[in-house]
Amino acid sequence: MSLRIKQEALTFDDVLLVPAHSTVLPNTANLSTQLTKEIRLNIPMLSAAMDTVTETKLAISLAQEGGIGFIHKNMTIERQADRVRKVKKFESGIVSEPVTVLPNLTLAELAEMVKKNGFAGYPVVDGENNLIGIITGRDTRFVKDLSKTVSQVMTKKEDLVTVKEGASREEILELMHQHRVEKVLVVNDSFKLKGMITVKDFQKAEQKPNACKDEFGRLRVGAAVGAGAGNEERIDALVKAGVDVLLIDSSHGHSEGVLQRVRETRAKYPNLPIVAGNVATAEGAIALADAGASAVKVGIGPGSICTTRIVTGVGVPQITAIADAAAALKDRGIPVIADGGIRFSGDIAKAIAAGASCVMVGSMFAGTEEAPGEIELYQGRAFKSYRGMGSLGAMAKGSSDRYFQSDNAADKLVPEGIEGRIPYKGYLKEIIHQQMGGLRSCMGLTGCATIDELRTKAEFVRISGAGIKESHVHDVAITKEAPNYRMG
């Protein structure tokens, strides 16, 4: 009897990388990699578009460390676009379209704006966008009468510190120091406002030199959309908000609806970087590439909170899925993203060695300070909630179209994920430091100086159950947990 078995498939715990002659020291390894042809990451890490993983705070922190976060779509269109805008505005070389105020605005109205936007400095312009002043926290701090207008208390035009477009960093910093100001306004020859530069952005850039930024010095951010009807409006809003890369996200990327959504989006936005997924075969990867995807995301059911393989009986173990997709796309230069199943830094190294250009993680970043959600105490330990986008709770909030169930009533949803909790882990930068440290050590051991070399040069051995048992801590009780090794 023929069972139509296609091949034997392997996952992370089935293989190990082989050490090789090396001239590479871990601290000299180069971790930069391509997300798409246009976007280069400084570390090969992306955060999953999940509602317990990525919103503004985590996307900002990850971009500052050199990766990119994908804002989840379990929210209204306006809210998701607003999250993207917040990341883009958090750190700018030049704030190209600063929020401005008119001179007749009252201080009470200004106070509302400050509360809403989270910053207190606004250029003051007339109806023609001519710069006439600036108002900052210093101007308003001790004013009691909130019925006064901006024009009565602002710093007037003749006292402004301005620069022309294209001024050098040194010139700007010298001006800031000379005039003891924290904001410099950028104007053209006819004194029309063109932008604003703040000292905070210079400080942030110095503190985080590895940050993943666009050509204007703004942090990069991605956002997820579904493939179902009604997502056109969401895509348009995200593009308008300045999203760097769009993720067309589905549990089954090798589906005609997803392919059609990729084709339509590519036709409308020919230069927009588009990541599409998820697939687990060479054929699926090729289909998405043919439809116009800039990068392909691989992983059907490997995630810790995912039950797709058990509920549906469908999936491909992750190392084989990555290797097949990467081999199929090798000649096209389209990167593969390994999504799911990553528990240790060694798994990141194995995913890249199998052919992935970068990895997307959920559970590794869930539970961090920056992840959405409150810290809960349970039996004396701190936890944060973590759930699959295929869990009942997430599907009821809007992710059901990812699993082709958008028309189902809440009590008729068939979940492909669970809701759980994960130990509180502290700040994201500490997690990234440990994970990238492990990856650097791997590159030293295998003699690979770059991510590209690791993708193409490193060799695997297949191991048995006894081999994985030997690899883990054994025959000893752990008395002090290591920051990069947690079992269970």
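Cβ from N, Cα, C; glycine included.
IMP binds Ser304, Asp339, Gly340, Gly341, Gly362, Ser363, Tyr386, Arg387, Gly388, Met389, Gly390 as Swiss-Prot records it, and from the list Glu264, Glu416, Glu430 the residue named for this site is Glu416. In sequence order, Met50, Gly303, Ile305, Cys306, Thr307, Ala394, Pro415, Glu416, Gly417, Ile418, Glu419 are the residues of the chain that are 6 or more apart from Gly388 (IMP binding site) and have a CB within less than 8 Å of its CB. A gap of 25 Å separates the Cα atoms of His472 (K(+) binding site) and Gly299 (NAD(+) binding site). In sequence order, Gly340 are the recorded positions from Gly340, Gly362, Tyr386, Gly390, Arg402, Glu470 with a C-alpha within 10 Å of the C-alpha of Ile300 (NAD(+) binding site). The DSSP secondary structure for Cys306 (active site, thioimidate intermediate) is strand.
Annotation for Arg402 (active site, proton acceptor): same-chain Cβ neighbours under 8 Å, separated by at least 6 residues, are Gly226, Asp249, Ser250, Ser251, Met389, Gly390. A Cα-Cα distance of 6 Å separates Gly299 (NAD(+) binding site) from Gly340 (IMP binding site). The helix, strand and coil residue counts that DSSP assigns across the domain 'CBS 1' (94-150) are 16 helix, 14 strand, 27 coil.
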